[in-house]
Amino acid sequence: MPELLKQRVETCYQQAETFFKRPFPRPQVSFKLRGQKAGVAHLHENLLRFNLQLYRENQDDFLRQTVAHEVAHLVAHQLFGDKIQAHGEEWQLIMRGVYELPPNRCHNYEVQRRVATRYIYRCPCPESDFPFTAQRHKLVRQGRRYLCRRCREILVYSGETRVE
């Protein structure tokens, strides 16, 4: 686990404990998060998940804003319970009052789109390319059939792939 991020989580908790004059249980921290989300707080599991790739690409802002954002969710839940809104007044109070940060809901990190292989299926219709995902292609190999909406013929794998 990146040591700076672990230290930042601890610093955020120490700030919250000083501000609210009470202890908070420390969460488990995981880097099993991919895609567009920078971080996720699992309230009932006391778990923080972070996107390691976005952390590496945006380290300074990630440590300052994203870590505090996710810790604030756990602190708000432990202080105010289940009935609060995710980015409601209580969470905003913690972001502004404890961490002195803007309560931004979303990051603006550039996210790399995943390279996807498409499997090209065809029917007798002219210009009928049907790019299937790997998941749909696997379903066809397992026996599922897909029909063209125009000619009602079964789509057949052409043997071609395309990277998007």
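Cβ coordinates come from backbone N, Cα and C, glycine included.
Note that the coordinates shown come from a computational prediction; the quantities given were computed from them, not determined experimentally.
Here Swiss-Prot flags Glu70 as active site, drawing on sequence analysis. The Zn(2+) binding site annotation in Swiss-Prot covers His69, His73. According to Swiss-Prot, the domain 'SprT-like' annotation covers 14-156, on the basis of sequence analysis.
With the fewest other Cβ atoms inside 10 Å of its Cβ, the least crowded of the binding-site residues His69, His73 in this structure is His73.
Helix first, then strand, then coil: DSSP counts for the domain 'SprT-like' (14-156) stand at 53 helix, 26 strand, 64 coil.
Glu70 (active site) counts 23 other C-beta atoms within 10 Å of its own C-beta, drawing on all protein chains shown.
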